[in-house]
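Colleague: Got these off Swiss-Prot a minute ago, pasting:
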| type | residues | note |
| --- | --- | --- |
| ACT_SITE | Cys75 | active site, proton donor |
| ACT_SITE | Cys219 | active site, proton acceptor |
| BINDING | Asn13, Gln46, Asn66, Gly76, Asn77, Asn159, Asn192, Glu210, Arg211, Gly220, Ser221 | substrate binding site |
| SITE | Tyr270 | site 'Important for dimerization' |
Amino acid sequence: MHFHFSKMHGLGNDFMVVDCLTQNIFFSPDLIRRLADRNRGIGFDQLLVVEAPYDPETDFHYRIFNSDGTEVEQCGNGARCFARFVRMKGLTNRTTILVSTKKGKMSLKVEDDDQITVNMGEPQFEPNKIPFKATQAEKTYLLRAEDKTLFCGAVSMGNPHCVTVVDDVDNYDVDKYGPLVEGHERFPERVNAGFMEIVSPSEIKLRVYERGAGETQACGSGACAAVAVGIMQELLEEDVKVSLPGGDLRIVWQGPGKPLFMTGPATHVYDGQLSI
């Protein structure tokens, strides 16, 4: 059988996006891994699948699979690409789109300048909601990673994140400490590991080692998590520019009890057809 797909990216975090409203495809973990192979397949960080809404109050259901075949709860860069895809393919003409995910609902808004703003919901700091092994919520935790003790924050943006403030993120050994944090025993479902350099109270530099995908050019939910942790640690203001290897995002959060908003681009690269 064959199916149609689009290749897209959000600041270099790249996706294969498939409409499963008009096509019936089962993506097994093995098939996803083969498609994600950058030498023998299409190559991508995540597979995004558009499905019919599970909830009558939503427009679509949004599924995300990492390149290792695991299904995950959230992908902020993917959400922006999802919004552009469903409009580009004529699946909706709405500028505000409500989608359900594995762990909740999200509102996606197409701005006048073609940027996409995603309501990411309220950051969750309770350890059992992340999940993270701790007796109570703290602004900072100590995490042992081989020869280092990391001072980090833990938060869920619909998916788990661990954020560590570092002095020089460009030269930080993300290849070493990313996997150590991702698979740390205190995160029973593994975790996305973010490493944040504070440039000013309104700007950070960030690198993210994503759970199941490795370091990516950009991680939208990771940018949200970093700003949320920075605000809780009283290091950042409520409107922050996040500079990632692939480009910049704007994150706005007014603090506990309020939703967090992410604004950034979504780029269509090409459309294709595959036989499987």
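Note: Cβ is positioned from N, Cα and C throughout, glycine not excepted.
Given the structure is predicted, the values throughout are model-derived calculations rather than measurements.
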Colleague: Would you mind checking how many other C-beta atoms are within 10 angstroms of the C-beta on Cys75 (active site, proton donor)?
Modeller: 30
Colleague: I want to verify one value. Collapsing DSSP to three states, which class is Asn77 (substrate binding site)?
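Modeller: In three-state terms, Asn77 (substrate binding site) counts as helix.
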Colleague: Nearest to Asn13 (substrate binding site) by Cα distance: which of the recorded positions Cys75, Cys219, Tyr270 is it?
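Modeller: Going through Cys75, Cys219, Tyr270 one by one, the closest to Asn13 (substrate binding site) is Cys219.
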Colleague: List the residues in the vicinity of the substrate site, defined as same-chain residues other than Asn13, Gln46, Asn66, Gly76, Asn77, Asn159, Asn192, Glu210, Arg211, Gly220, Ser221 with C-beta within 8 angstroms of the site's C-beta centre.
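Modeller: Here the non-site neighbours turn out to be Asp45, Ile64, Val72, Gln74, Cys75, Gly78, Val208, Ala213, Thr216, Cys219, Gly222.
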Colleague: Among the binding-site residues listed here, Asn13, Asn66, Asn77, Asn192, Ser221, which has the most company in the form of other Cβ atoms within 10 Å of its Cβ?
Modeller: Asn77
Colleague: Measuring CA to CA, name the entry from the recorded positions Asn66, Asn192, Cys219, Tyr270 that ends up nearest the residue listed as 'active site, proton donor'.
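Modeller: Answer for the nearest of the recorded positions: Cys219.
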Colleague: How big is the Cα-to-Cα gap, in Å, between Asn77 (substrate binding site) and Cys219 (active site, proton acceptor)?
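Modeller: Pair distance, Cα basis, whole Å: 6 Å.
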